[in-house]
Amino acid sequence: MKTERAGDLRALTSPSLLHLLWLLAVYTDLVEVVNITSHMQHIHGTYGKSALFSVQYSSSSSDKPVVKWQVRREKPITVVQSVGTDIIGNLRPDYKDRIQIFENGSLLISNLFLSDEGMYEVEVSITDDTFTGEKSINLTVDVPVSKPRVSVLSSTILELTENFSMSCIHDNGTKPIYTWLKAGKLLTNDSRILMSPDHRVITITRVLLSDDDIYTCLVENPISSGRSSPIKITVYRRSSLYIVLSTGGIFLLVTLVTVCACWKPSRKYGEYSHSTLRPHLSWIKGSAQIGAKYLSVVVLH
């Protein structure tokens with residue numbers, strides 16, 4: 001065993017190996033190498049905003065760098081190529097008026113689209129003899145989430161009701177992640193509470209009095225978050241509901257009886273009413289009054 005270790009040590013310190021290492025060091029000093037650094041590996045972009053792919057390069061050459069940015073697709077697509085800050089050639093139509101290159105090789109994309117998502121790669125070279133520096137930065141683009149709201153058929157339910165559901169709804173937002181709170185505490189799946197795969201819908205399979213509480217839904221994505229207004233779910237005992245219904249029925253019955261007792265039918269059109277006009281008529285024969293009679297007149301309203 002000691003003999004093998006001694007042989008390995010002699011091999012590592014042999015003149016030929018030391019000479020090879022010396023040549024490698026000298027060659028490295030002679031060759032210009034472009035080093036690219038960046039403090040970011042991932043950019044969370046916002047739809048309609050800008051994204052800055054910040055990089056720095058270093059080289060012993062004073063020549064202008066050739067900078068090339070690509071985005072990975074089935075085949076790599078060239079976003080922009082430049083000498084220094086001077087763009088070479090024409091930009092693709094989908095990048096026109098949205099691209100800017102800086103002296104340090106950084107790339108700025110304005111007015112982000114969802115289709116801009118992807119892995120972006122930069123290559124910086126100084127001369128044909130220089131090793132090219134490379135760096136990759138991933139970009140995701142999202143739409144901010146709008147304020148969510150809880151959708152429910154009724155906020156008042158009966159004890160032991162089955163499959164009572166609540167949904168978390170919002171108008172805008174990509175890649176949403178849903179969370180439910182009950183009385184401010186995280187709500188998770190259990191034997192009675194089931195959540196849809198994306199947690200947007202919560203279903204209580206069998207409602208108990210303990211479910212009477214305040215519920216809130218949260219929505220978030222990589223660039224934003226939203227919180228719904230709290231909703232109070234009231235759970236009634238079945239006996240309590242019967243009392244409420246019976247009390248309401250009695251009140252309705254009393255109201256109907258009162259209305260019927262006070263109601264008098266109005267006279268219909270064409271109904272006759274008699275109004276007696278009693279003009280005094282006298283029969284006179286000569287100068288003597290014979291008698292008087294009353295004339296009844298029927299008046300039609």
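Note that Cβ sites are derived from N, Cα and C of the backbone, with glycine treated the same way.
Per TrEMBL, these features apply:
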type: SIGNAL; residues: 1-33; note: signal peptide
type: DOMAIN; residues: 148-234; note: domain 'Ig-like'
type: TRANSMEM; residues: 241-263; note: transmembrane segment
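Restricting the average to the domain 'Ig-like' (148-234) gives a pLDDT of 96. In terms of DSSP helix, strand and coil, the domain 'Ig-like' (148-234) has 3 helix, 48 strand, 36 coil.
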